[in-house]
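Colleague: Take this structure, written in structure tokens, and hold onto it; I'll ask about it next.
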Amino acid sequence: METKPNPRRPSNTVLPYQTPRLRDHYLLGKKLGQGQFGTTYLCTEKSTSANYACKSIPKRKLVCREDYEDVWREIQIMHHLSEHPNVVRIKGTYEDSVFVHIVMEVCEGGELFDRIVSKGHFSEREAVKLIKTILGVVEACHSLGVMHRDLKPENFLFDSPKDDAKLKATDFGLSVFYKPGQYLYDVVGSPYYVAPEVLKKCYGPEIDVWSAGVILYILLSGVPPFWAETESGIFRQILQGKLDFKSDPWPTISEAAKDLIYKMLERSPKKRISAHEALCHPWIVDEQAAPDKPLDPAVLSRLKQFSQMNKIKKMALRVIAERLSEEEIGGLKELFKMIDTDNSGTITFEELKAGLKRVGSELMESEIKSLMDAADIDNSGTIDYGEFLAATLHMNKMEREENLVAAFSYFDKDGSGYITIDELQSACTEFGLCDTPLDDMIKEIDLDNDGKIDFSEFTAMMRKGDGVGRSRTMMKNLNFNIADAFGVDGEKSDD
């Protein structure tokens, strides 16, 4: 059931058919979220007044034919799975000259981890219900010939704030149709959840069970099973690290739960338990196997900390990159000009592709797209000069004291010596990061809990490797970026 390009489809369209105008049928409301490609809005159907979610994807972000095919495949897969009770149901698709719109069921109950944290208590028995749902989605995907490839907590939402809300899988942007026995080779997913065979670039549907096993480990302990200060360190742990069942809270967790995790996080895909077999495991089937006593509150606090990505750090890196001296930047300015052939001040996908070809690179189009995604901090579809420098400069230049002072001052607009929530709001607006939970962002960095960030807290954040990457593909995380592609030596000493 492989998706094939439709030969009759015009080259600048995603859908192989014409559609009515979205606004003739729906009223667009508030923004619900921002993804790598699209923005999701609340929308209301005019004829019924029913609320839905509308994911709007700007076509300017679809820079190559492969991107158009990816969106069309995502739509097909959503239709393919739409009868499953724990998959967000697609309502319809619309396309005009500027956007592709996917209208789907709206989920107003929040993300998986956020819901657990806000409840304030959690038990193994509750974890059973959640992982049973997740494994049920995986089993359904595999039985219908679909590999999800990006299972992570952010892709599971509750359909309502009620206690009996259903957990639903969303975002099939990396999902693919596959045939039994077929292997895939492109490295995609999210660092903590990726299976070892993905890193080895030869894998099948078993990767989804691994990712579900990682989610289960985090649900019960509040931390990922394979962790390191850097993303390359995380990958080393995934390939070689031992599962920790000795430190808290594992001594208090049932043996049955640990046995299931062992079987889901088996490194050999051939020996790994299938989704169906996992659903038949005693911990899931036998109600008495999973205790109902609350887990240690420390698990919840760790879970909250883990689920917040550090967005301030990304903004700060770009601020630093833009203030470095000509000498520190070296030949990067000339390289940027060489790639930016129309002198627009931004690099498009086509310019990046042409620039790489000129320096003799033999990267595939999908790999060049990966570099683009990794460098494009504000998801604009192009790389500006600041983003280019942030992607190509070595970190030890970024972390020098005077650069950290300058970045701190950028946020600390009134020079008070602290970054406040209002100043953070202002910076997020400038960077186009709307609807970001600022309270959580500050709490993550605010070590003395005074509600603001001082310079020492800011410096500690900048020098800590958080490894929380969410790139569409992970070439950047596999120690490969634009600097490598152009042969730039970003690691020269700063002497």
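From the backbone N, Cα and C atoms, a Cβ is placed for every residue, glycine too.
Got these off Swiss-Prot a minute ago, pasting:
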- 26-284: domain 'Protein kinase' (DOMAIN)
- LEU32, GLY33, GLN34, GLY35, GLN36, PHE37, GLY38, THR39, THR40, LYS55: ATP binding site (BINDING)
- ASP150: active site, proton acceptor (ACT_SITE)
- SER190: phosphoserine (MOD_RES)
- 290-320: region 'Autoinhibitory domain' (REGION)
- 327-362: domain 'EF-hand 1' (DOMAIN)
- ASP340, ASP342, SER344, THR346, GLU351: Ca(2+) 1 binding site (BINDING)
- 363-398: domain 'EF-hand 2' (DOMAIN)
- 399-434: domain 'EF-hand 3' (DOMAIN)
- ASP412, ASP414, SER416, TYR418, GLU423: Ca(2+) 3 binding site (BINDING)
- 438-468: domain 'EF-hand 4' (DOMAIN)
- ASP446, ASP448, ASP450, LYS452, GLU457: Ca(2+) 4 binding site (BINDING)
Colleague: So which residues does the domain 'EF-hand 3' (399-434) touch in its own chain, when a touch means Cβ under 8 Å and the partner is 6 or more beyond its ends?
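Modeller: Long-range Cβ neighbours of the domain 'EF-hand 3' (399-434): 31, 34, 311-312, 315-320, 323-324, 377-380, 441-442, 451-455, 458-459, 462-463, 494.
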Colleague: About how far apart, in whole Å, are the alpha carbons (Cα) of SER190 (phosphoserine) and GLY38 (ATP binding site)?
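Modeller: Cα-Cα, rounded: 18 Å.
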Colleague: Reported as an integer number of Å, what is the Cα distance between SER344 (Ca(2+) 1 binding site) and ASP450 (Ca(2+) 4 binding site)?
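Modeller: Distance between the two Cα atoms comes out at 44 Å.
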Colleague: Round to a whole number and give the Cα-to-Cα distance in Å for the pair LYS452 (Ca(2+) 4 binding site) and TYR418 (Ca(2+) 3 binding site).
Modeller: 6
Colleague: Determine, using Cα-Cα distances only, which of these binding-site residues is closest to GLY38 (ATP binding site): THR346, ASP412, ASP448.
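Modeller: Given the candidates THR346, ASP412, ASP448, the nearest one is THR346.
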Colleague: Tell me which of the recorded positions ASP150, ASP340, TYR418, GLU423, ASP446 ends up closest to LEU32 (ATP binding site) in space, Cα to Cα.
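Modeller: Sorting the recorded positions by distance from LEU32 (ATP binding site), the top entry is ASP150.
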Colleague: I'd like to know which of the binding-site residues THR40, ASP414, GLU423, ASP450 sit within 10 A of THR346 (Ca(2+) 1 binding site) at the Cα level.
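Modeller: Of THR40, ASP414, GLU423, ASP450, within range: none.
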Colleague: So what pLDDT does the domain 'EF-hand 1' (327-362) average out to?
Modeller: 77
Colleague: In DSSP terms, helix, strand or coil for GLU423 (Ca(2+) 3 binding site)?
Modeller: helix
